[in-house]
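One structure below.
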Amino acid sequence: MKTSPRLSLNNGVLINQLGFGLYKVPPADAAGLVQAALAAGYRHFDTAAMYGNETGVARGLSAQLSSPSAGISGGSGELFPGISREDIFVTTKLWNDHHGYDAALRAFDDSMVNLGLDYVDLYLIHWPCPRKGLFPETYRALETLYREGRVRAIGVSNFQPVHLDRLLQTAEVVPAVNQIELHPWLQQEELRHKHQELGILTEAWSPLGRGQVLADPVIQACAAEHRRTPAQVILRWHMQLGHVAIPKASSEARIRENLDVFGFELSSRDMAALAGLDRGHRTGSHPDNVN
Ligand SMILES: NC(=O)C1=CN([C@@H]2O[C@H](COP(=O)(O)OP(=O)(O)OC[C@H]3O[C@@H](n4cnc5c(N)ncnc54)[C@H](OP(=O)(O)O)[C@@H]3O)[C@@H](O)[C@H]2O)C=CC1
Ligand SMILES: O=C(O)C(=O)[C@@H](O)[C@H](O)C(=O)CO
């Protein structure tokens, strides 16, 4: 079975470099897709309170992990023997209307109930919501959860350099991750450099540009040359740049295809060609406009 290599976060916790994204997965479909992804070899799942599917994710995981010590309740037995809670990496995120210290702690409790977990592997502030001006305080709540051992790592999402600078004026724990929109059409060079300087791992959301980048002629040509699919070329590019990536897919075939990116390599000429595709194209919102 194919699995993803793991990268080390700045606190030593390991994260599977390629995970499965669950935005826009209807709650009723989440359990089945999580199980299909587990069967394909995924061990890292990215959800959020806003996605409304944490309980579906829990159902998918609990079908696998049934023992009480696994910290997931309600399971019916191991579908894939040998996978334990420790092998699985679950990320969830605090939504925008729960900024503030107390609200953040309550939001986390709600996510834990939904997920049926004893601990979450990574908890992120979903958006900085700069006009609210509360993210430093919200992050303090994440630091509390981290110190209490309820999360193995904490981080942020959609933070711009200016938000990271502000956060680090008061933060005691450097975020492990900044999850940002990142794909060949939006390469976020300044932010990636900043992450490197600060020891923050870059995690790519919409790593396929929500599917839009698959049609790019340079990607298509590269895929033909390697006898791979456009999705595999883009995901391989992320892997070679050291990003974590969390593609979403709705069929078993695509779920398998997206994980099958560890058996070929893009040349330095391929990497240079893909580096030339940046056009600052966002498929989602700009972080300054989300509040
Ligand atoms: N922190 C944040 O603010 C955000 C986080 N995210 C996270 O990132 C994850 C991924 O981002 P997402 O926006 O879903 O976009 P992706 O870049 O992962 O693209 C998903 C789209 O690509 C299609 N697709 C997937 N694999 C293939 C393939 N092999 N061949 C052809 N088409 C394919 C999917 O189709 P189909 O589903 O029909 O198979 C879907 O339409 C989310 O699920 C979420 O977990 C996303 C947005 C914002
Ligand atoms: O998927 C997420 O995690 C999001 O926050 C986004 O999709 C977000 O809602 C967005 O990009 C809207 O344009």
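Heads up, the Cβ atoms here are built off N, Cα and C, so glycines get one too.
Per TrEMBL, the features are:
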| type | residues | note |
| --- | --- | --- |
| ACT_SITE | Tyr51 | active site, proton donor |
| BINDING | His126 | substrate binding site |
| DOMAIN | 24-277 | domain 'NADP-dependent oxidoreductase' |
| SITE | Lys93 | site 'Lowers pKa of active site Tyr' |
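For the recorded site, Lys93 (site 'Lowers pKa of active site Tyr'), the DSSP three-state label reads strand. If you take the C-beta of the residue listed as 'substrate binding site' and look for same-chain residues 6 or more apart in sequence within under 8 angstroms, you find Ala48, Ala49, Met50, Lys93, Leu94, Trp95, Asn96, Ser157, Asn158. Tyr51 (active site, proton donor): 22 other CB atoms within 10 A of its CB, across all protein chains.
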